[in-house]
Structures are given as C-alpha cells and as structure tokens.
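Listed in TrEMBL for this protein:
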- 20-41: transmembrane segment (TRANSMEM)
- 54-144: domain 'Acylphosphatase-like' (DOMAIN)
- R69: active site (ACT_SITE)
- N87: active site (ACT_SITE)
Amino acid sequence: MSGNLAIKSGICGLARRYKYTVFMFGYDLNVFWLLSLFFLFPLSQFAMSSKYASVDFEVFGDVQGVCFRMYTEDQAKKLGVNGWVKNTRQGTVIGQVQGPPEKVSEMKHWLRYVGSPSSRIDRAEFTNERDISKLEVRGFGTRY
C-alpha cells in the first residue's frame, strides 16, 4: 500500500470510528474528515493560485538616447519575463514587467542599478505591484 493511500485509509478509519461532528456549511461534518483536509491538501496548495508577479516601473536619469529600451528588452528576454518598455515626453522610461516573482525581482534590480552601459540612473520607481494567476502580456517589446 502506498504512503498516501495508507494515510487516506487511516483517516477514513478514524472518521468512521469517531462520530464527532460539527455543523458547517449547512451540514453535519465529521471532525476527522475536516482535519484530514489539512493533511491531504496543505494550505500552501491553495495559496499557489497566483504564480506570477506584475509591476509597473519608471526609470529617471539619463535614460533616453542611450539605448536603454533596447538593453531593457534584451535583459527581459534573457530573464524570460514579459512586458513592455517606452520613452516618455518627460525624459523617463516607463514599462511593465510580468513573470515568475524571482525573475521580476531580478529585472527590478537591473532597472534600478544596472541599465544600459551609457545610461545614468538616478532612481527607479515601482508601482502597481501585484500577484497574478496568468500573464497578461505576451513577450517583451518596445512601445512607441
């Protein structure tokens, strides 16, 4: 008998043997059945529904006319994140990054501290940070 099947059988046996019930959701539910849910389906599985991160960014400094968008697109493709990048009339660069949280974090670090070789980054602001269950942008590109 496999490990999970043995656990399930043991819990089922306990549930039949003990008749402790709780009135919940309009039903009399066996306490051992309720407790078994926490062993068979850990809460972390339920919390995993949002597996991606999304963040909007704006980078300030000398970031236009120095190939910042091209290098941003290259870095995003290396990391495997989705999103877009665009110059603004105010002389900043804005965009959005989506992907696995650890890759989005790496991209944020790159935007804040690295940038293109000729750029000078004064600061980077990150807004609208959120968890998402599926990617909303396909690939990574430059917008005009």
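Yeah, the Cβs are placed from backbone N, Cα and C, and that goes for glycine too.
When the alpha carbons of N87 (active site) and R69 (active site) are compared, the span between them is 8 angstrom. Ranked by Cβ neighbours within 10 A across all protein chains shown, the active-site residues R69, N87 are led by R69. Per DSSP, the secondary structure of the domain 'Acylphosphatase-like' (54-144) breaks down as 26 helix, 38 strand, 27 coil. Within the model, the domain 'Acylphosphatase-like' (54-144) shows a mean pLDDT value of 98, rounded to a whole number.
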